[in-house]
There are 2 protein chains.
Amino acid sequence: MARTLPDPFTADSNLECREIGDGNLNLVFHITDQNSDKSIIIKQALPYAKVVGESWPLSLVRARIEREILQEEYRLCPGMVPEVYHYDDDLALTVMEDLSDHVIMRKGLIEGTSYPLFAQHIGEFMARTLFFTSDLGMNQQLKKEKQGRFINPDQCKITEDLIFDEPYRIAEKNNYEASIEDEAEALRTDGELHLEVALLREKFLTHGEALLHGDLHTGSIFVTPESTKVIDPEFAYYGPMGFDIGAVIANLLLNYASLPGSIKDSQALQEREAMLLDMVRDVWTEFESRFRALWVNDLVDPMAKAPGYQDHYVQKVFRDTAGFAGAKMVRRIVGLAHVADIDTIEDATERERAQRTALAIGKALIKSNRRLNTIGELLDTVSTAVSALKS
Amino acid sequence: MARTLPDPFTADSNLECREIGDGNLNLVFHITDQNSDKSIIIKQALPYAKVVGESWPLSLVRARIEREILQEEYRLCPGMVPEVYHYDDDLALTVMEDLSDHVIMRKGLIEGTSYPLFAQHIGEFMARTLFFTSDLGMNQQLKKEKQGRFINPDQCKITEDLIFDEPYRIAEKNNYEASIEDEAEALRTDGELHLEVALLREKFLTHGEALLHGDLHTGSIFVTPESTKVIDPEFAYYGPMGFDIGAVIANLLLNYASLPGSIKDSQALQEREAMLLDMVRDVWTEFESRFRALWVNDLVDPMAKAPGYQDHYVQKVFRDTAGFAGAKMVRRIVGLAHVADIDTIEDATERERAQRTALAIGKALIKSNRRLNTIGELLDTVSTAVSALKS
């Protein structure tokens, strides 16, 4: 079908098609014209999860949602998501810009690449997409209509179960090594933790603040040192802003936790660790400064000018960010879907150490989220959790 | 068309049709068969607000929403809403049970009638409708689908503007007597109040906890001393539970504020005032005890069993109730739509006194909502506000 598209190919194109993996839920094809340098991506949603099979059916509505969100994000942040060239909602299929000159950020981080512009880029992306789809930045009536178009019950249910439920009980889909059974057991019996997870779950289920990407981990971000492109918004829905920001921070911290398992030189390790923690700090501060600037310049809700409200709002988003970051770290260690940063550590002892580090940070962020006020305090919480583990 | 319905009329029915008023947004017809004691109500939504005219267009989707909500509420609380006999969504029309043996509760309260079972009834109604449409009492995925069906942007926008915006600024639709211009001015310049209203507005806009009635004032409730029937759920949408409970309490307190203007005997006044405040207390306690019982027996979300979460949840609903009650009182004095309890006080001085009392209570509840913990504290806040006004 690529040949029938108006762009970028012609009748003379010599097309080559290659299936490229993209996780659990979709087929992705990379199509190049051997007679030119032109190429496209075709992504088609599957009606079931590859990891489980046809016994886990999935609605194809997510393909329409992903395509519309890409178009919306492109409008708000041109150049930060792939351009949509063509789509067919009946086939659950989208034809989009090929980003083969970028790499998946998780892979880049694992390989030790640095992305000095990433925090600015993702801060800009999150500030603009979250602000302009919220009641702060758009007409409230139109926002409700948009919320209705992106209600996404199937995808949300996956997130609800995998992040905010199964890691805290015995569940078939949980997935962890026997060596950390003590940690898994502790997660199931920690009442203080359960209360905080229940509160975060409630926010995820009920707080329709902004149109989230919904799955903004480093596997959903294509990068080069100069460019950042966000992909795969099929989990998009109206939820709490901190869920997206927390996803970015959680995945930087998961990479941070993996570093001792992959860098042997202690000086190099220290530098890379400091760089990751700086990225965490910068992601928040770049987001916050841009979000506050949009509030000053593009606010459409007159009541939001109430004295103190902006600070109150930013504090809420920050605390949610911390809590969601923690929940996302925990689930990547004991839940169904892991991260390559940690799973690819070959040495079992080092891998286990990384898993325990990630869990310690995750639990500390979950437990402290409602008390944290600054990104400095969040980073202190991280280092305290890591130190406690070493002692 | 009534004659063509399968029930309750026959070809021999001798039908009489009378238009009966119902506020701003609909036509309502009362149709009786002169040959039997059978009767029905036909309600048809208008595509504009009567009070403003065709320049304020309204979506007719609300008729479908009202009809579906009545059916849903009837399923959850049989006997507490009118039964739907027939509907035509294209005509925005619903044929339903005639409740002419009941009176509108606002009218009953103004006439001094007592409703000793009301608090139990409405407590039961709110506990069941709010619990079973929330993530606590139904599957989260189905809840999201339901949320999508009742997104109701037009009706929500009316509420957002009339309750959480216009009373706090100069707005064309505001409506108050010149004698309280000082109060209206104070509402426009009170930064502490604006912050709390902005926070309540945010909850109304973003917290999709349960399928609300959305307009649960005493004009939306038909009563006899033995029976309570909730009508007019056309403002239904997924919002914060406290918005419905706060509506009931606000309207009891508006009647309370009106009493000195209509009861001259001081002993009788004192007794009636005490009865109204007892109703406020009972509405909350009847709701809370039933809601907690449902939590114990009908919870579908395992994470909600986290220790302390039920108390935390109930506290949140209570604080929201207080804040929304306050916001609803304020808007009924200075905003577009007033209440007959106060507007029908003939003596201008007494009417003004009632308006100032309602505003004092409303502002006190808004300002204190995030600190209140018990219904006793809420009632203390009310009496402190009233005392301060007298001194």
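Here the Cβ of each residue, glycine as well, is placed from N, Cα and C on the backbone.
Here the structure is a predicted model, which means the values were calculated and not measured.
Residues or ranges marked as domain 'Aminoglycoside phosphotransferase' by TrEMBL: B:17-249.
What TrEMBL lists as ATP binding site is B:Asn26, B:Lys43, B:Glu97, B:Asp98, B:Leu99, B:Asp232, B:Pro233, B:Glu234. Using a 10 Å radius centred on the Cβ of B:Glu234 (ATP binding site) and all shown protein chains, the other Cβ atoms total 25.
Sequence-distant neighbours of B:Arg331 (substrate binding site) (same chain, 6+ apart, CB under 8 A from its CB) are B:Leu162, B:Ile163, B:Glu166, B:Pro167, B:Ala337. According to TrEMBL, the feature substrate binding site maps to B:Asp215, B:Arg331.
Separation of the C-alpha atoms of B:Asp215 (substrate binding site) and B:Leu99 (ATP binding site): 19 Å, rounded to the nearest whole number. Scoring each of the binding-site residues (B:Glu97, B:Asp98, B:Asp215, B:Asp232) by how many neighbouring Cβ atoms lie within 10 Å, the top position goes to B:Asp232. Taking every pair among B:Asn26, B:Lys43, B:Glu97, B:Asp98, B:Leu99, B:Asp232, B:Pro233, B:Glu234, the residues listed as contacting ATP, the largest Cα to Cα separation comes to 18 Å. In the three-state DSSP scheme, B:Arg331 (substrate binding site) falls into the helix class.
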